[in-house]
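Trainee: Okay, handing you the structure first.
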Amino acid sequence: MASFAQFGNDLYTGRRQINFIGRRRLWYAISAVLLVVAATGVFGRGLNFGLEFTGGAELKVRGVQNTQDYDTRAEDTVRKATGTDDNLIITKIGDSDIRVQTEKLGSGTAADNDKVATALAQEFGVSPRNVDSQFIGPSWGDTVTKKSIQSLIWFLALLSVVLAIYFRTWKMSLAAIIAVLHDLFFTVGIYALAGFEISPATMIGFLTILGYSIYDTVVIFDKVRENTHEAFATGQRNYDQAANYAVNQTVVRSINTTVIGLLPIAAVLVVGFTMLGAGTLLDLSLSLFIGIAVGAYSSIFIATPLLTDLRRGEPSIKELARRAKAYQVSQRSALTEANTPKAGPGESASGVVEPERAAAAAAARATRTKKRETHPLARLDRDDK
Amino acid sequence: MATRSRGGRSNGHSKSVLAVLLLLIVALFGGVAASTAFADPKGQWSPKLGLDLEGGRQITLEPVVAEGAQQVNSGQVERAVDIIRKRVDGTGVAEAEVTTLGERNIVVSVPGEPSKEMLSSLARSSALSFRAVISQTTNEPVPRSLPQPPSVPKPTAKPSAGSSSTATPKVSSSPTSGANGVYPQAFSQATPTPTPTPSSPASPATSTPAASTKPANPSDTKWASQPVSANWVKAGVVEQGDTYQDLLQVYDCSDSDTRLAASTSPANQPVVMCDQTGQAKFLLGPVEVKGDTISDATSGPATNQQGQQTGGTQINLKFNGKGKKAFGDMTRRLAGFQQDSPQNKSAIIVDGQVLEALGTNDAITNGEAQITGSFTPSSGKQLADELKFGALPFSFKELTNDQISPQLGQDQLHKGLIAGAIGMVLVIIYSLFQYRALGLVTVASLLVSAVITYGAVTLLGTLNNFRLTMAGVTGLIVAIGMTADSFIVYFERVRDEVRSGRPLKAAVESGWQRARRTIIISDVVNFLASAVLYILSESNVKAFAFTLGLTTLIDILIVMMFTHPLLTLLARTKFFGGGHKWSGFDPERLGAKGVTYAGRGRVTIADRRAAEGGQV
């Protein structure tokens, strides 16, 4: 606990820095591998669309006392009621729930659905009110999918405009959007690989991930903007370093918000899994859980490095890098002069010198500058600045 | 000195902001209280629950458009929603909801367990038409003993397959009440003219065996001896080669499958249908006037030729050009038949049922017809509405049909709430762990936001018929984390400021200045996401998006009006302001001591900022 606070302090002041930006190729490679895996899942294995998308019928008998031979009993009941028992999937959920799924129940009409529901209630000795029946025509899923894709496109379009206006650079907007798409694709890939069923509730979850992922990215980008603004003003560190410093300074916040975001969802997930079985609650929380975790990762490891790559070619960024380099070279010589202890591991990553050493260097330079007033090269040095 | 006076002001400011928030909450619950007392329908103290939590049935209907016909437009869908809403209301089900889904689909949500009749009435064709009556009889289906079990797809659905006792005729002794209207042209016939027919099908058709000749006009009795169209054979009502006369005999008004077959009969063929009470059945000619040629239908007090009110209610129909001609042709022919004979009548047909069978006094060629009869003002209006709204060129098929048991919903809600409570406790524990006493501020903020959310959802339930679904509940649970998120952004900023060496009072303010924009932009993004979802998505996605948007707004409200003022006030206490070990703001633990000593760079930045913007 204390060490976590200390860790946060160190990241904030710069005593310890993690080189997020410098190792960006590593993160890109990791993400690329993950995305390829996700793609093989999506295009190879395919997505497991739920009943809502494929059309069909599902009946759930709840609170069954005697579940012995439930599968043959259910099968017989369906055959008696509709005349056919083709393609029936009969499963037991928990101790007392029986689920019957099929692509087509009898003649595939809602009326047949009701008939079977009544028959099942009789067979398993429960009140007809305890039988949940669902009948979905095959074109239903198309409507939902079309709508979801429509909202996705609209959301991304509006979002990029809002972010571009807020951050006053379309590159931040683009980086954020790429990160979001990364999250979305990755989450869908996990679904494909694990074979989780995709229901309309899952689709809601996917769409909500967008908001979450963006939220996280926005908070980090806000700090990036602040730090780079400062870097432009002082010329002490280049864009990459300023951005890396920003990520380091917000990483504790990222961890805290992610944990706090995940906690209630984890609770829903556990309660849903152990007590409810498949349903809106479970579908939604599962996709959110995966999405938020992936979103936190992408904000730190993908969005910010991408941003620095996007801006690297800009003249003002190059100019800043040149200025920062000059400053850091002179500072380094000052540090050597002051004979401070060895540099920390993250010093070059964020351009933040450990406070103690910086103070020593400043002191050294103060004395050195005094000496230089009489030194023949003093004029040259000043010109450089 | 200056600092103190400013501090005092901001202190008072914080208190007044908190007071305003308190007022808002009181007003919110005052609104809820008022809604329970005055609103119609009455409000309640708990949120309205959606179908998935309350139990009930949800059906999605999709319009079926004949091939080559024009596309369904949104106006037509709106009218269809009206009709279906009327149908649902007509069955006496309270609280049913009929909404559109996308551009063309319609979702009907009915709480509880609606009857089968009601459900089947929903998807029925709404198309309305006029047909000439050829013959009329009481509903006494003759059980047919077919020579062998017919090879039809649904043998069980065949009413006549069983013994004769199953096909019980409905009250056959009473005279039919199907014909209760008339088109008055020369005079108004105030009383209905029921046409009691002997229980045996004494239609003229039996006495005209000339089956080979083609019927001359839609009223021709020769239609009775024509072979039935394929849909009747398919539905298992009659056999291949049977005539409409046979169909009239076996037709059973109480069988919904038979009626479905009637509603899907081809327009250019005769048809057998019953009236609404199921007591009279008719053999009707091909469709002569289509419902979509009615340009307007109104009801009002009946007037005679001199324009004086006669005390009854009449229905005024207006046809467009096409309808005017078709209706004129029909009435001219029908007026030629003897008054009170079945063939004098035309039938208005909706959904495979004869809505009204009307006697015709005179040819109506001006495209404006009046119908008089034993209408009450309300039944007249209902018929007028049916005529006006029933003129939809499509019927519906069921896309989804979900029965949700109330137990399941209650169970889900119960467990969802448990999950929410566990989630809340976990968040509280974590924030206490991470932020010590500051975590209590989080707890208090979350509680206030829970109270406001509860009030808002309840009030919206009354005002906007907003219903909390499972997706909505999940949205609320998820929002716990999201709301706590903004506190963290704030607290971390304040801590950053403390780390930079600022005293807590100043840190709370300058941290707020910076955290505020971050919180606002993130909430704007979140709100944008939920708004897009809400506008573009459907049914349960909408509910989720709505709760998410609502909690985002409440989040901003709480952070601005509760968390920040509270923290400002707390920063002035000795415990927090002094940076007590357990306050979450202990400068030592935040490394501030070290920074002030060595991290001159940071302090310089803070000082420079202070000098520039006066943010301290």
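Just so you know, glycine gets a Cβ as well, placed from its N, Cα and C.
TrEMBL does not curate its annotations; it predicts them automatically.
From a predicted model like this one, the values you see are computed outputs, not experimental measurements.
Below are the features I grabbed from TrEMBL:
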type	residues	note
COMPBIAS	B:144-153	compositional bias 'Pro residues'
COMPBIAS	B:163-177	compositional bias 'Low complexity'
COMPBIAS	B:202-219	compositional bias 'Low complexity'
COMPBIAS	B:303-314	compositional bias 'Low complexity'
DOMAIN	B:438-569	domain 'SSD'
REGION	B:138-225	region 'Disordered'
REGION	B:293-316	region 'Disordered'
TRANSMEM	B:413-433	transmembrane segment
TRANSMEM	B:440-463	transmembrane segment
TRANSMEM	B:469-491	transmembrane segment
TRANSMEM	B:519-537	transmembrane segment
TRANSMEM	B:543-571	transmembrane segment
Trainee: Out of B:440-463, B:469-491, B:519-537, what stretch is closest in contact terms to the transmembrane segment (B:543-571), meaning most Cβ pairs under 8 angstroms?
Mentor: B:469-491
Trainee: Which residues of the same chain, at least 6 past either end of the transmembrane segment (B:519-537), have a Cβ under 8 Å from a Cβ in it?
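Mentor: Those are 482, 485-486, 489-490, 544-546, 548-549, 552-553, 555-556, 559, in sequence order.
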Trainee: As a test of reading the model: what is the averaged pLDDT for the domain 'SSD' (B:438-569)?
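Mentor: Looking only at the domain 'SSD' (B:438-569), pLDDT averages out to 84.
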Trainee: Which numbers of helix, strand and coil residues does DSSP report for the compositional bias 'Low complexity' (B:303-314)?
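Mentor: So the compositional bias 'Low complexity' (B:303-314) is made up of 0 helix, 7 strand, 5 coil.
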